[in-house]
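Here the structure comes first, spelled out in structure tokens, and everything after it is commentary.
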Amino acid sequence: RENSIHLCNPHLEKMKEDILYHFALGTGTHDFPALFGDVKFVCVGGSPSRMKAFIAYIAEELGLGSPGGDYPNICAGTDRYAMYKVGPVLSVSHGMGIPSISIMLHELIKLLYHAKCSNITIIRIGTSGGIGLEPGSVVITRQSVDATFKPQFEQVVLGKTVIRSTNLDEELAKELMQCSKEINQFNTVIGNTMCTLDFYEGQGRLDGAICLYNEEEKLQYLKEAYDSGVRNIEMESSVFAAMCNLSGVRAAVVCVTLLNRLEGDQISSSHDILVEYQQRPQKLVGYFIKKSLGKV
């Protein structure tokens, strides 16, 4: 069954041209169906360099690129985001935090719509702080929750508070979990992900420039989060889930934990270990894409 992108904006039909400003792309200057019409998988992550590394990795896994081959940045006309493509896979950076990923997603969803893409799967791959997990564990998000552990994304639109659901595709999460079992290289769990507006106070850290609570209060809060089902903390999943829900897109969040927040606030692992940790979501999602394409 063809599942097309749903745009929740009737005004777009009246526009002669749609300029995706932060991508440096536009329907009047680019042939979206020719450029992106074959895309089936979109992977997004914070860092441009990580998303370039991912596209090189997936190209090799799918046998679509030459070793050491270069992949041009489709969004080279801007320094806001980076975008790379190989075969049916699009890899896009989203920056850090809800505002940055929100802007990117508005333009990405419109890009997929203008390209007439169907049956799209979008997966955020990234890093996070774990709660009660060994560093290096991978969390597949069941639902994103806010800093009060509610599964919702709250936004002010025209001066009014709008609340949107942050549930993610349950079947997709199960498929990814099965893929991790087949790889059998690292600990993977399905759990809730807490999405915060800040890296320091918002996540209960003791090492920011401002901190007006003590360690006991911090640990009590993180244990409450754990008891509510939260297994990791990051800063993008809530709006990601909400926007994918509204657009009818199958979506998942797959993040590795760089530390256990119950044991500290600062990342102490060596650079080499952190690089290997950051490759774990790539390996899992890469295997999932290969399996979905019948290449496993």
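Cβ atoms here come from the backbone N, Cα and C positions, even for glycine.
Copied over from TrEMBL:
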DOMAIN    40-289  domain 'Nucleoside phosphorylase'
BINDING   Arg80, Arg124, Ile125, Gly126, Thr127  phosphate binding site
BINDING   Gln203, Arg205  substrate binding site
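What TrEMBL annotates, mapped onto the structure for a quick look.
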residue : record                 : Cβ contacts under 8 Å, 6 or more apart
Arg80   : phosphate binding site : His22, Phe23, Gly95, Ile103
Arg124  : phosphate binding site : Cys43, Val44, Gly45, His94, Glu236, Ser237, Phe240, Ala251, Ala252, Val253, Val254, Cys255
Ile125  : phosphate binding site : Cys43, Val44, Gly45, Phe54, Val254, Cys255, Pro281, Gln282, Val285
Gly126  : phosphate binding site : Gly45, Gly46, Glu234, Glu236, Val253, Val254, Cys255, Val256, Pro281
Thr127  : phosphate binding site : Gly46, Glu234, Cys255, Val256, Thr257, Leu258, Tyr277, Gln278
Gln203  : substrate binding site : Gly129, Thr196, Ile233, Arg261
Arg205  : substrate binding site : Phe199, Cys211, Lys218, Asp265
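In this entry, Arg80, Arg124, Ile125, Gly126, Thr127 make up the residues listed for phosphate, with the farthest two CA atoms of the set 20 Å from each other.
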